[in-house]
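Asks: Here's a structure for you.
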Amino acid sequence: MPSRLRKTRKLRGHVSHGHGRIGKHRKHPGGRGNAGGMHHHRINFDKYHPGYFGKVGMRHYHLKRNQSFCPTVNLDKLWTLVSEQTRVNAAKNKNGVAPIIDVVRSGYYKVLGKGKLPKQPVIVKAKFFSRRAEEKIKGVGGACVLVA
């Protein structure tokens, strides 16, 4: 239901007239807009708008990150990357197809030569092989396949 009087008429006789008792309807006591960000409004800008002032450095386009990232796995842990069932089946089929172990799928890039391999051929796929790892894999009749 619309009121009979306008808001102005209702507020007549009230000291503050809807403009509060602190600021008292004065113009722009803190400056207009973002004024004083480095001076009297410094605390607010530092807390709620960090990085608003100052310069930012240059962009490095086509930056190659993680060039040295190369997780490694040793030969003695190689068979833990596939299921036990795969290893048992490979041991039974002496003249069958050699199982393929893709170390990149397990999150490793390089195969190192620590430890011994069981005397059964295996095909290992990796991005890098150490010299000793390659010798040991080929020593049991396996093969090293380089993948990108």
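Backbone N, Cα and C define each Cβ position, glycine as well.
Per Swiss-Prot, the features are:
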| type | residues | note |
| --- | --- | --- |
| COMPBIAS | 1-30 | compositional bias 'Basic residues' |
| MOD_RES | His39 | (3S)-3-hydroxyhistidine |
| MOD_RES | Lys47 | N6-acetyllysine |
| MOD_RES | Lys55 | N6-acetyllysine |
| MOD_RES | Ser68 | phosphoserine |
| MOD_RES | Lys110 | N6-acetyllysine |
| REGION | 1-37 | region 'Disordered' |
Asks: What same-chain residues lie close to the region 'Disordered' (1-37): Cβ under 8 Å, and 6 or more beyond its ends?
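Replies: That would be 45, 49, 52-53.
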Asks: Using DSSP and collapsing to three states, where does Lys55 (N6-acetyllysine) fall: helix, strand or coil?
Replies: coil
Asks: Express the distance between the Cα positions of Lys47 (N6-acetyllysine) and the residue listed as 'phosphoserine' as a whole number of Å.
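Replies: Rounded to a whole number, the Cα-Cα distance is 38 Å.
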Asks: Roughly how many Å lie between the Cα atoms of Lys110 (N6-acetyllysine) and Ser68 (phosphoserine), rounded to a whole value?
Replies: 12
Asks: Have a look at the modified residues (His39, Lys47, Lys55, Lys110) and report the one with the fewest Cβ neighbours inside 10 Å.
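Replies: Comparing Cβ neighbour counts within 10 Å for the modified residues His39, Lys47, Lys55, Lys110 gives Lys55.
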Asks: I'd like the number of other C-beta atoms within 10 A of the C-beta of the residue listed as 'phosphoserine', please.
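Replies: Taking all protein chains shown, the residue listed as 'phosphoserine' has 5 Cβ neighbours within 10 Å.
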Asks: Indicate whether Lys47 (N6-acetyllysine) is helix, strand or coil by DSSP.
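Replies: It is helical.
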Asks: Measure from the CA atom of Lys55 (N6-acetyllysine) to the CA atom of the residue listed as '(3S)-3-hydroxyhistidine' and give the result in Å, rounded to a whole number.
Replies: 18
Asks: For the compositional bias 'Basic residues' (1-30), DSSP counts of helix, strand and coil?
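Replies: Helix, strand, coil within the compositional bias 'Basic residues' (1-30): 5 helix, 0 strand, 25 coil.
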